[in-house]
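Q: Got a structure here, written out as structure tokens. Questions coming.
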Amino acid sequence: MAFLEFSDISKTYPGVKALSSVSFGVRKGSVHGLMGENGAGKSTLIRLLSGDQRADEGEIRIDGNTQAYASTRDAFDAGVVVVHQELQLVPELSVAENLRLGRFPARGGVVGFRALFEEVGRVLKEIGIDVDPRARVSSLSIGERQMIEIAKAVMIDARVLALDEPTSSLSSRESEVLFRLIDRLRQAGKVIIYVSHRLDEIFRLCDGCTVLRDGRLAAHHETMEVVTRDRLVSEMVGREIADIWGWRPRESGAVRLSVQGLHGPRVPEPASFEARAGEILGFFGLVGAGRSELMRLVYGADQPNGGSVALDGAPLALGSPRRSIRAGLVLCPEDRKADGIVQGRSVGENVVIASRRHYSPLGVINPRREASVADRFIEALRIRTPSRRQDIVNLSGGNQQKVILARWLSEPGINVLIVDEPTRGIDVGAKAEIYDILYRLAEQGVAIVVVSSELPEVMGISDRILVMCERRIAAEFKRGEFTEGVLLAAALPDRQTPQTAAQRA
Amino acid sequence: MTATLKRVLLGEQGLLVIFVLAFAVVSLTVPNFLSERNILGLLQSVVTIGIVACTMMFCLASRDFDLSVGSIVAFAGMVAVMVSNSTGSIPLGLLAALLAGTLVGLVNGVVIAKLHINALITTLATMQIVRGLALLASDGRAVGINDPTFYSLALSRFLGIPTPVWIMAALFVVFAFVLNRTVFGRNTLAIGGNPEASRLAGVDVDWSRIWIFALQGLVCAVAGILLASRITSGQPNAATGLELSVISACVLGGVSLAGGRASMSGVIVGVMILGIAENVMNLLNIQAFYQYLVRGSILLLAVLLDNLRTRALVRR
Ligand SMILES: Nc1ncnc2c1ncn2[C@@H]1O[C@H](COP(=O)(O)OP(=O)(O)OP(=O)(O)O)[C@@H](O)[C@H]1O
Ligand SMILES: [Mg+2]
């Protein structure tokens, strides 16, 4: 008997049928995977479950009772806790305050901070999250923030827990902490809905799974016993994908990007590396290893304290993204919500914001040209949107990511492309397409730097990998030399032996 | 029923609907409202607000704020009159006024963008400094215009319509173009939507903000010159409280205080709604004190509407 039931759920947004009569049930004490392409309707279903939005038709039942909640508060009271795809923490407050927001331990209106910190510290330790409860959320990495968000859900004794792509910014070690937590919750008899694009996680965690395609139920599996990877992929994308990486050998040319002794506030030790024309250089490391920080210095998003960057031998003025772009160096940032999308503006505008200067004489824009560029990329990357005029905040997470990629792919004359977690939240089908685009750019002589925490991804597409550990470049491997083991060993701080490393990773 | 009502009022054209309804009601019920004389008077009366709203729209759209506009209008008027009087050359006076206005705007922009001081605080400070300068320059008294050519500026007409109204209309057209069809305008909206993402996409955020404030100063000077010409003198106390009317008009016109959303047509409608409210109260001989109540209520309503609209956008 299913404990949580969705029955004939439909939801329409202006111009988009996000869900059409979706029905399925989940047993008590089980983890249920929810999968599908970008824009398939996964987050929409989660939003309905969280009471944030209401279904047009159909109902949700928990333990046989129809839920008629009108707000997130009601859902909360019914024991439903949801961790959304986009983080919802207050950056200016401490970790502890975020975890107890709205429910501070207080006497006469005065917050008992000591009690608060102690309590939260205890809970964090218990669930295995190594973060100071006093730290401000704004000082944490995205991965750490994600863990806090999950801890928030655990602190409340929920009956139903829904996680929307919780590991998309976690390292494998942090993911493992989360998985153990989920295992424990399963044993405690909770119902857990788990959304992810990572198939290995689905197989590692889930007792059953449901696949959505274009808002419809494409498949429902009560158990994972007979389900194979290939079958899931074809259920999701409606076709077979032979080799998702599709790496092919390439000639690499002269040095395009040369970074010498670059250091800054969050990369204390000078870092040096080079990337060649036609090369795909991977940067691997644990979350917090300093990869994104280093890339931000290279691009000029942050002001370095010293060092130099040269493009094709010509020195680059540091500290100005604008000048970097003009010199042909671009960065697709890690944090899509804070640094990527321009909220409130259309999809089209978000695509052309950087490249429009090439066809805007005297600063007057060319709407027709902009429209054709935007439409071309919407089609090429299969961005799911009713039109280029749609406000970007209405797109699903993976589709927003594609728009940001399109922003840089539409920039003519790039020499160096740095992508930080390029496929975060992107479905398998689209991943393969994005890798293919990267290969094509490399074949045209672009030097590509890929920062990724997903080990299979870095290994799958890189020609060479640099590993960062504790804010230093720690090791270098060429294709053929790297294996999971050596990469992880290099990524872990010295104080650990390879054995514990393998366990932790 | 309420759903459709909500959709109409909070949608793109909601404001226009309100405006047309209000206009129809007022035309039918208030005597003399539709007379040519009154309509021209109405247009004349919104010139200052209308002109300043053009650039205030940019300011708000990029998530900034400018409280110093009223003071700049008064100061620029003073400069225009005093320089004209002392040099005997009106073009020189106008040029000096335009420069003075731009300079104040530039100072605002540089302090806000480069020194990263909050726009509210910065312009609150310059608002008082500039008003102080205007008072000091004239010893607190109004300065009359010597050369009648100066005040014929506001009295002259073209095709029966006063020149200041033409200037306002021209600025509406220019700034609608700048907002919608130039990289500068699109960048302004992008900055309002997400300043950090815009910077990382290569938008020169600091430069844009400085430009916006400098333009705001320049446009305030234009408004100041026209105002001085209309009241035939430079008044150090002119245009007090202008900033609030202008911001009300913009917000009423759908410019989001959270940045990223603005349209010229909306702002024009916002300006007209404020103008009509005031005009009608004058026609109906309502005591001036009540006008404060009405203006305040309109502002409150505008913010409420902005809030509802933002929430409707998020909810969708
Ligand atoms: N507020 C909204 N307004 C309009 N359309 C929306 C809104 N929210 C979602 N949509 C649309 O509904 C569809 C389903 O979106 P949803 O976020 O559920 O996808 P998803 O399966 O979670 O995708 P992803 O894997 O990219 O996160 C998408 O086409 C999206 O563009
Ligand atoms: Mg989603």
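Including glycine, each Cβ sits where the backbone N, Cα and C put it.
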Q: For the transmembrane segment entry in TrEMBL, name the matching range from B:119-137, B:290-308.
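A: Going through B:119-137, B:290-308 one by one, TrEMBL gives transmembrane segment for B:119-137.
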Q: Please indicate, using numbers and ranges, the residues of the same chain that are 6 or more beyond the transmembrane segment (B:158-179) and have a C-beta under 8 Å from a C-beta there.
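A: Tertiary neighbours of the transmembrane segment (B:158-179) are 40, 43-44, 46-47, 50-51, 54-55, 57-58, 61, 185, 188-189, 219, 222, 226, 229-230, 262-265, 268.
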Q: For the transmembrane segment (B:244-277), which stretch among B:15-34, B:41-61, B:92-113 has the most Cβ pairs under 8 A?
A: B:41-61
Q: Under 8 Å for C-beta pairs, could you tell me which stretch among B:41-61, B:92-113, B:119-137 has the largest tally with the transmembrane segment (B:210-232)?
A: B:92-113
